[in-house]
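Everything below concerns the one structure shown next.
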Amino acid sequence: MNEMENTDPVLQDDLVSKYERELSTEQEEDTPVILTQLNEDGTTSNYFDKRKLKIAPRSTLQFKVGPPFELVRDYCPVVESHTGRTLDLRIIPRIDRGFDHIDEEWVGYKRNYFTLVSTFETANCDLDTFLKSSFDLLVEDSSVESRLRVQYFAIKIKAKNDDDDTEINLVQHTAKRDKGPQFCPSVCPLVPSPLPKHQIIREASNVRNITKMKKYDSTFYLHRDHVNYEEYGVDSLLFSYPEDSIQKVARYERVQFASSISVKKPSQQNKHFSLHVILGAVVDPDTFHGENPGIPYDELALKNGSKGMFVYLQEMKTPPLIIRGRSPSNYASSQRITVRTPSSVNSSQNSTKRKMPSMAQPLNESCLNARPSKRRSKVALGAPNSGASISPIKSRQSTPMEASKENEDPFFRPNKRVETLEHIQNKLGALKNQCPDSSLKYPSSSSRGMEGCLEKEDLVYSSSFSVNMKQIELKPARSFEHENIFKVGSLAFKKINELPHENYDITIEKKSMEQNYLRPEIGSRSECKTSYGNELSLSNISFSILPNSAENFHLETALFPATEEDVPRTFSRILETGSFQNYYQKMDAENADRVYSKGVKLIASGTLPSGIFNREELFEEDSFYKY
């Protein structure tokens with residue numbers, strides 16, 4: 001309480017301001033990433049923070065209406081040749097992509113494309129009358145008025161530095177996304193037309209399909225070869241345009257500011273640029289002397305190889321534009337507060353932030369001085385000075401009883417899902433020490449009340465955290481695998497890697513061997529086939545194992561000599577380095593009951609070797625056999 005009363009009110013105000021700024025930042029983050037605004041023509045534009053959202057270059061979300069244009073001045077009047085009526089001209093430009101309105105400034109990026117479209121209109125003359133008429137420029141030269149015949153009207157764009165009024169180069173790219181070709185935006189011949197809506201420009205921006213292009217053909221082009229020539233005179237303006245397909249809309253797409261502008265340092269004072277749209281008339285250079293300094297003009301190189309003069313009629317420009325030379329992530333908005341504490345502290349201090357004005361209890365300064373993070377951490381950070389470790393594995397929530405039990409159990413490991421042998425031994429050893437009468441078994445119900453003993457739920461061992469002792473499989477010292485047993489005909493062979501000890505009692509494994517031998521016969525695999533005679537009529541069979549054989553089988557040769565009728569047969573399946581031969585012999589009936597000390601006798605055709613071997617019939621060495 002004394003510490004709360006001695007808290008400095010100035011420090012309290014600082015802490016309150018920090019949390020207020022943090023709260024405003026969180027509210028700012030909760031605002032929609034993409035803001036939709038209604039344009040004057042009824043279409044919509046999508047505005048978003050490029051530091052938060054990355055959009056593909058060809059995405060329609062990149063299209064948004066940019067800064068408005070303002071009139072610079074009118075230069076030279078245009079009159080109709082026969083009537084002398086002055087033509088009322090007006091440029092209608094619009095930026096459809098590339099600029100964002102940030103902090104009351106229009107901001108663009110040097111490496112990003114921008115799209116500018118423009119048309120012009122004649123308020124006192126419709127399109128049909130405009131194309132059938134001819135027009136002249138009124139040029140005053142030394143108080144003498146002269147007229148220059150207009151060949152056609154056109155529009156061009158350029159950029160200027162507002163600080164020193166120098167012209168900045170613009171670069172336009174083709175539709176192919178490669179390094180070239182690059183060229184300066186050209187002069188675009190136009191006829192009067194209304195400006196298409198922003199949505200149409202957005203939809204037609206990346207159209208390359210011929211069928212879809214025909215949909216917008218009437219919007220963007222006037223085809224001279226589709227009109228009736230009889231309605232137009234020889235000196236009409238329609239025939240003076242350079243091409244049959246005359247554009248109605250000047251579309252400057254995929255335009256960038258040239259890399260020569262120096263805007264690489266975000267810390268330096270922002271340079272302002274402006275885009276200019278100029279409507280002009282192309283006239284014959286032989287008739288234009290250029291003596292009037294008040295009328296600007298540019299020389300043109302026409303497609304037919306001749307030259308032309310582009311005389312300025314009207315000019316419009318944008319408000320000052322900030323062109324940034326680096327990516328949006330390098331520029332921080334002045335309205336954005338970056339002070340932020342870790343997300344875990346935010347979640348743990350929610351109640352404190354709501355009651356901050358009353359300052360019921362002092363705040364932990366170490367939490368407030370935490371380093372601001374650029375993004376919210378996905379790992380929950382523990383409270384300061386807390387010794388409890390948080391498991392990275394998500395599990396079900398524990399009840400209060402289970403939580404207290406976990407704290408009491410000295411062997412509880414919340415972040416281990418499988419019991420190890422060492423942990424089992426430690427747990428059983430602890431139970432044995434606490435319950436000496438129970439030996440190595442679970443404690444009785446009377447001993448479970450003892451502090452430190454496991455509850456009933458722990459004795460069963462949850463399958464999600466441990467392994468039940470009853471589920472541990474105890475295997476014999478020697479196991480005979482099924483894969484080492486081969487059944488060929490009426491014989492079953494088992495491959496062993498080494499001989500058992502001479503004192504080893506094979507009867508221990510007799511039952512398991514008999515069960516293993518009762519496996520189905522191996523299909524018709526070619527490597528398991530053997531060629532043998534009609535062994536069903538034979539009483540005895542003997543095998544000779546090569547001395548260099550690395551495989552040992554419990555088989556011995558018969559004591560009787562082989563006859564001339566013995567036919568050797570060879571197994572087609574060879575196990576590693578082992579080779580085997582069997583000899584089928586025909587025996588007389590009187591020899592059927594003869595007892596051989598070390599012979600192998602077949603009782604019936606289906607008898608397995610496991611039913612014939614005796615306990616004492618074992619090899620002493622790998623290469624020593626008794627005959």
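Cβ coordinates are placed from backbone N, Cα and C, and glycine is handled just like the others.
If you look up Swiss-Prot, you'll see 28-335 marked as DNA-binding region, on the strength of sequence analysis. On the 0 to 100 pLDDT scale, the model's mean across the DNA-binding region (28-335) is 84.
For Arg58 (among others), the entry in Swiss-Prot reads site 'Interaction with DNA'.
Of all Cβ atoms in the shown protein chains, 12 besides its own fall within 10 Å of the Cβ of Arg111 (site 'Interaction with DNA'). Per Swiss-Prot, the feature site 'Interaction with DNA' maps to Arg111 (among others).
Residues or ranges marked as site 'Interaction with DNA' in Swiss-Prot: Arg177 (among others).
A sphere of 10 angstroms centred on the C-beta of Arg208 (site 'Interaction with DNA') encloses 7 other C-beta atoms. Classification of Arg208 (site 'Interaction with DNA') by DSSP places it in coil, neither helical nor stranded. Residues annotated as site 'Interaction with DNA' in Swiss-Prot: Arg208 (among others).
Annotated site 'Interaction with DNA' per Swiss-Prot: Arg254 (among others), in sequence order. A sphere of 10 angstroms centred on the C-beta of Arg254 (site 'Interaction with DNA') encloses 18 other C-beta atoms.
Annotated region 'Disordered' per Swiss-Prot: 324-410, in sequence order.
Per Swiss-Prot, the feature site 'Interaction with DNA' maps to Arg326 (among others).
Sequence annotations record features per position, and here Swiss-Prot assigns compositional bias 'Polar residues' to 327-351 (among others).
Swiss-Prot lists 386-401 (among others) with the feature compositional bias 'Polar residues'.
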Rounded to the nearest Å - Cα separation of Arg208 (site 'Interaction with DNA') and Arg254 (site 'Interaction with DNA'):
15
Cα separation, Arg111 (site 'Interaction with DNA') to Arg254 (site 'Interaction with DNA') (Å, whole number):
10
